[in-house]
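Following: one structure in structure tokens, then a few remarks.
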Amino acid sequence: MLIPSKLSHSSRLQHVVVRSRLLAVLEQAAQYPLVLINAPAGYGKTTLLSQWAENQQNLGWYSLDESDNESERFIAYFRAALARATHQENCSTTNPAQTNFLAALSQLLVESNRFKPHFFVVIDDYHLIDNHDIHEGLKFWIKNQPQNMTLILISRSMPPLNLANLRVQELLLELDITQLPFTHDESRQFFQGRIDPEPEQEALSEQEIHRLCDQVEGWPTALQLVNLYARQHQTSLHEAAKSITKINSNHISEYLNDEVFHNLDADTRLFLLRCSLLRSMNEFLVEKITGLSDSRLRLDNLVKQGLFVYPINIDQQEQWWRFHPLFASFLTHSRELTLPELQHLHQQAADAWLEIGYGTEALYHAMQLQQPETLLALLQQIGWQLYHQGELKLLEESLSAVQFQQLATYPRLVLLQAWLLQSQHKHHEVGGLLQKFSAAIQQQNIDIDRQLQAEFDALRAQVAINAGDDQTALQLATTALQYLPQEKQYAHIVATAVIGEAQHCRGQLNQALKMMREAEKLAQQNQAYHHILWSLLQQAEILLAQGFLQTAYDILDKATLLVKKQHLQKLPMYEFLLRLKGHILWEWYSLDKAEAMAEAGLEVLANEADKLQCLSLLAKISITRGNLDNAERILRHQRNLLQTHHYHNDWLSHHNEAELLCWQMKDDRQQTRSWLLQSDRPAQDTNHFSHRQWRNIVRANIILQQYADALLLSEKLISTARTYNFISELNKDLVLYNRICFLQGNAVAAQKSLLEALELSKQTNFISIFVIEGEIMAQQLRQLLQLNILDELLTHKAQFILRSINQYYRHKFAHFDETFVEKLLQNPQVPELLRISPLTQREWQVLGLIYSGYSNEQIATELQVAATTIKTHIRNLYQKIGVNNRAESIEYTRHLLTLMGYSN
């Protein structure tokens, strides 16, 4: 329930100075998308806007306090302010706790565009916001808001909203500290309007007013204090003016105490201190807090005395009031020191707010009490309601304020805290909390009913699947669905998705896909966008395993549209989406696009430890391009991460795959042997990551020339892939099996497996898995083309793979850069002739391209020189290295590369 006073501006005050010069500026507000009023406390910012707002028909007002520094609460009040400005019903069918902040703003943009007249929304005290998401959301709003809207921000500091561009385009209207101080004329109006000197007293002269205005630099609050001083001390303005000359905002509290608060009668002081407990107040609340039946009269008198109490203009019969921020801060400090009954007053305030339906304010006061049972009872009453309203930060603070031993006696609150952590993606903390609760159930004999247990089971299932325990996850999720009440929709979504994940891990791809589609349907019905995105990503991963890469990519495109529409780009899941796209693009040999996806994925992640998978993809891309130095740099960074963090087996298998491909290229048997001795051997091979890890083990055995072991393991993988219809895995298994057979000299088996792998690639469109095998694959493809046994489609594919292998070798070896040549010449085994007659940089390039299989014409095109020039380079380098023909030069280059640790 929203507090009315936060959605209304102050009423017109008595004797207010009409600031005509500033109001004239504000009359231009409709010509600007944004108006910023920025100055320190006490310069009349809110009063000025309240004057101007009196004559505006289409205006919404939102007064911030410290509790609004949370995106869900902010959006609720912002929506209400918009509704007032556009004369629409303030209703929303979405759950703030489950709705992305930018997505909610997008929906409001759609709704507000239906209103055609010009309208204004004022946000007061914006300096209280330090939530980055709110700043980002408001930047998005300003960029996209309706043309017939003006947003007005009142702040004590410059908001971090990148306003420079608006200034340059003259789309920002500003009032600041240079314009807001009182002029001499406004100071004169102030004293004329508020002071009615007795006949024997002499009013301030024009010169004295000017001097006083200059001394306080036009600070309106200082002039108000002069007025108060004269009233309370029953002295002349001349004397009051003398007391104010040294005051400034840095010691305002001391002055307020000595010259304002101390001079009030004891009853008024006590009344103010008690009322200051309330951030906003109406007559009912003040009566409950003070026990006085004449509270309205007292408040009206305080307003007349100018004691920094302002009435709020609400279009209802109910009247609300608020203290000036400076005075409220002073009273807060004072009551902490002087009110012995403070705890009792907080209890009274909590009860009063709850009675009129404002749970957030009730909980705020309950948190100030040193009574955990009272706080727990209130949370039990309104906690879930606040969760669905999106009050996550307040709930987190409230639940954290209670010892867990006490919290455990309220099982639904433990569940609430667990859901709270889950909704903020603190998965590891959820597991820890549930473990503590399980122990508390035994130790404290806590009883929970079967339906509540089902809700806990759904969460435990999610924790189990995150930890890789698919069997426990499946059992818990299945049991949860049997007993979950129908109204617990989010628990239903979680349990359904977990069953799908568990089935995926067990190789039951069709059943898994069915459950993920059901989870997507449930999430769509409840507008649970995070769950929709997760179910789509899981569907794509399952389809990828089944070999339907294009369908998987189409699903990822659908997920991308959801991310853009609901502004989910900051979710860690968005990195998963980008990475999945990157993996598919790598399989299709679209390396530049795959790299762009991986780089974009890295930008999403703030935590360095989470970047391991994107780095694995980048390493594979570099290996495929033949840039082994860059691949090694990435892999070295990954090894550092592995030493300091724990990762899921899926993540590790991707890293291991890249490592082994790099070692294969370098023929690094020492590293491979060390890895194989320490490598994890999964208990089964029926999911994509355990299957990949076993394939890594096969590749390690191939590198070590342990072909018998490699063959046995490879045949087992192929059998599993056929049984479970893992088409993508089967395609990769067959390519690796082909390598074993070729190296063993089994040409028949090699050709048979390669033909099947090529046939499967019609469905998967895999390219890179062939390219990465290099010259061994190229030799076999050339033979197949010579035999003319491939159909038209596969002929085209084989030719493309051959061209890609050539390109791969060109990137890997052709461009002998200066660093490579320098290292080569330092090798003691390098041919002496090469030291005596070193090649030029151009000749090194030509030698590399010859080795890569380029004809003279192709080399000329590559280097953009004439064919005759290439012939000259070839003749010169042949003489320098002592060879007679192309075949000898290729063998010579192969020897050099072997010296440098490279292998085919």
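Positions of Cβ are set from backbone N, Cα and C atoms, glycine also.
Listed in TrEMBL for this protein:
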BINDING   Ala39, Pro40, Ala41, Gly42, Tyr43, Gly44, Lys45, Thr46  ATP binding site
DOMAIN    832-897  domain 'HTH luxR-type'
Averaged pLDDT score, the domain 'HTH luxR-type' (832-897): 86
Three-state composition of the domain 'HTH luxR-type' (832-897), taking helix and strand from DSSP: 51 helix, 0 strand, 15 coil
Env. residues of ATP site, Cβ within 8 Å of mean position of Ala39, Pro40, Ala41, Gly42, Tyr43, Gly44, Lys45, Thr46 Cβ: Arg156, Leu180, Pro220, Thr221
Count of other CB atoms lying within 10 Å of the CB belonging to Pro40 (ATP binding site): 14
Sparsest-packed among the binding-site residues, when each Cβ's other Cβ atoms within 10 Å are tallied, from Ala39, Ala41: Ala41
Cβ atoms near Thr46 (ATP binding site) (within 10 Å, other residues, all chains): 22
